[in-house]
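The active site, proton acceptor annotation in TrEMBL covers His179. According to TrEMBL, the feature NAD(+) binding site maps to Gly10, Ala11, Ser12, Gly13, Gly14, Ile15, Gly16, Asp36, Asn96, Ile119, Ser120, Asn121, Met230. The substrate binding site annotation in TrEMBL covers Arg83, Arg89, Asn121, Arg155. As annotated by TrEMBL, domain 'Lactate/malate dehydrogenase N-terminal' applies to 5-147. Under the heading domain 'Lactate/malate dehydrogenase C-terminal', TrEMBL lists 149-312.
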Amino acid sequence: QNNAKVAVLGASGGIGQPLSLLLKNSPLVSRLSLYDIAHTPGVAADLSHIETRANVKGFLGPEQLPECLKGCDVVVIPAGVPRKPGMTRDDLFNTNASIVAALTSACAKHCPEAMICVISNPVNSTIPITSEVFKKHGVYNPNRIFGVTTLDIVRANAFVAELKGLDPARVSVPVIGGHAGKTIIPLISQCTPKVDFPQDQLEKLTGRIQEAGTEVVKAKAGAGSATLSMAYAGARFVFSLVDAMNGKEGVIECAFVRSEETESPYFSTPLLLGKNGIEKNLGIGKISPFEEKMVAEAMSELKASIKKGEEFAKNFK
């Protein structure tokens, strides 16, 4: 039943365009609804010429948003402003918080049952915002709201493979915690295949995974943040989710979700996905003392970002 109806909110942007291309290229997608406040008719026209079966439609501006969302199974939200050199993800808060609150409010009204996949940073705050917005509309289901942290996993896999001379497609590193700086916690001890690094190399590798976004922001020198790798990671997450919704068994992805696994009310861990979103939170599992220390050190920043998102949502009209 490969008939997923997917909406991309922010489809004309740096992440939105390549993400929409990857979704259009997938046999899993039957309808692709593209929304943005500029350029969507052009992006939609361009993508509609691709010889795959997904039917593409572009929607422009807030008055067309309800129509875009009707009947959607999955909504992916890369909308918002990108980071510039010297900015943290939290510096994007004021702009992106309002954008995410407005878009998820429309989702709560027009496709309350859809799976909501938020890419817009700071994810550590935009996911609590999304939850609070859905609660306000009385349609909150924590099993259907995901902060997409897949890029951290993709990067960890790529960097480990590079250091060990392995095929990156066969490397799998769970990354837990959040999606900013030291809240990004790669569990190298749980990597398959098993890998070992001396402590100094392990610390350097961990630091690189945590700051990989900044590596791209610097390299792009003011022209944006990670867009192509983020589009790849976003598509990977959506395909996993749709596979699971179609009844495929054993689909596991990490994502930043409502969680009881730690003292933080939201936390990313490996999740078993199913027809209704999160089937089972697989938790943190056995971790090394080095990783335990990282989890402990991430807590205060995580909780502060979550609280900031919740406070924002309370006052959002």
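Just so you know, glycine gets a Cβ as well, placed from its N, Cα and C.
Sequence-ordered, the extra residues of this chain that approach the substrate site, with Cβ no more than 8 Å from the Cβ center of Arg83, Arg89, Asn121, Arg155, are Pro122, His179, Ala180, Gly213, Thr214, Val217, Ser225, Ala226.
Rounded to the nearest whole angstrom, the C-alpha distance between Ser12 (NAD(+) binding site) and Arg155 (substrate binding site) is 24. Cα-Cα distance from Gly14 (NAD(+) binding site) to Arg83 (substrate binding site): 12 Å (rounded to the nearest whole number). Annotation for Arg89 (substrate binding site): spatial neighbours Arg83, Asn121, Pro122, Val123, Asn124, His179, Ala180, Gly181, Gly213, criterion Cβ-Cβ under 8 Å with sequence separation of six or more.
Reported as a whole number, the C-alpha separation between Asn96 (NAD(+) binding site) and Arg155 (substrate binding site) equals 24 Å.
Helix, strand and coil content of the domain 'Lactate/malate dehydrogenase N-terminal' (5-147), in residues and according to DSSP, is 65 helix, 30 strand, 48 coil. Binding of NAD(+) is attributed in the record to Gly10, Ala11, Ser12, Gly13, Gly14, Ile15, Gly16, Asp36, Asn96, Ile119, Ser120, Asn121, Met230, and the widest Cα separation among these residues amounts to 18 Å. Between the candidate binding-site residues, Gly10, Gly14, the densest Cβ environment within 10 Å is the one around Gly10.
Looking at Arg155 (substrate binding site) and Ser120 (NAD(+) binding site), their Cα atoms lie 18 Å from each other.
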